[in-house]
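> Can you keep this structure in mind? I'll have questions shortly.
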Amino acid sequence: MTNITLGKGNFGVVLLGKLRKNCSVEVAVKILDTTRLSRRLSRTISKANDIEEEVAIMLQIDHPNCVHLVDWIEAGKTAYIVMEKVDGGELFGRIIDPKWNGMVCCL
């Protein structure tokens, strides 16, 4: 992982990373504070393993219009979500940009 920040959110930060098996492949590593996340999710998720089931499904998704989830690691109170790095900024930024058609961005 590098110290280059790709983004920030309510629950953590996204840093630029590189795959160990192929250092030329860049990935986005989302680092989440699971204590903050679990407080928020406790209102909506009934079982603790629902998150693990969702991650297992996401690991199987292989579609050109979906960001590929490479791996997911939980260490103590921190979760590391390793995803395909996609250039071009955040989707939300595109949706609210008056120059772009939001419906096209969502497809």
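Note: Cβ is positioned from N, Cα and C throughout, glycine not excepted.
Curation plays no part in TrEMBL annotations; they are all automatic predictions.
Per TrEMBL, the feature ATP binding site maps to Lys30. Feature annotation from TrEMBL assigns domain 'Protein kinase' to 1-107.
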> Mean pLDDT across the domain 'Protein kinase' (1-107), rounded to an integer, is what?
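PLDDT averaged over the stretch: 78.
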> For Lys30 (ATP binding site), which residues in the same chain are close in space, meaning a Cβ under 8 Å from its Cβ, but six or more apart along the sequence?
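Once residues fewer than 6 apart are set aside, Lys30 (ATP binding site) is near Gly12, Val13, Val14, Tyr80, Ile81, Val82, Met83.
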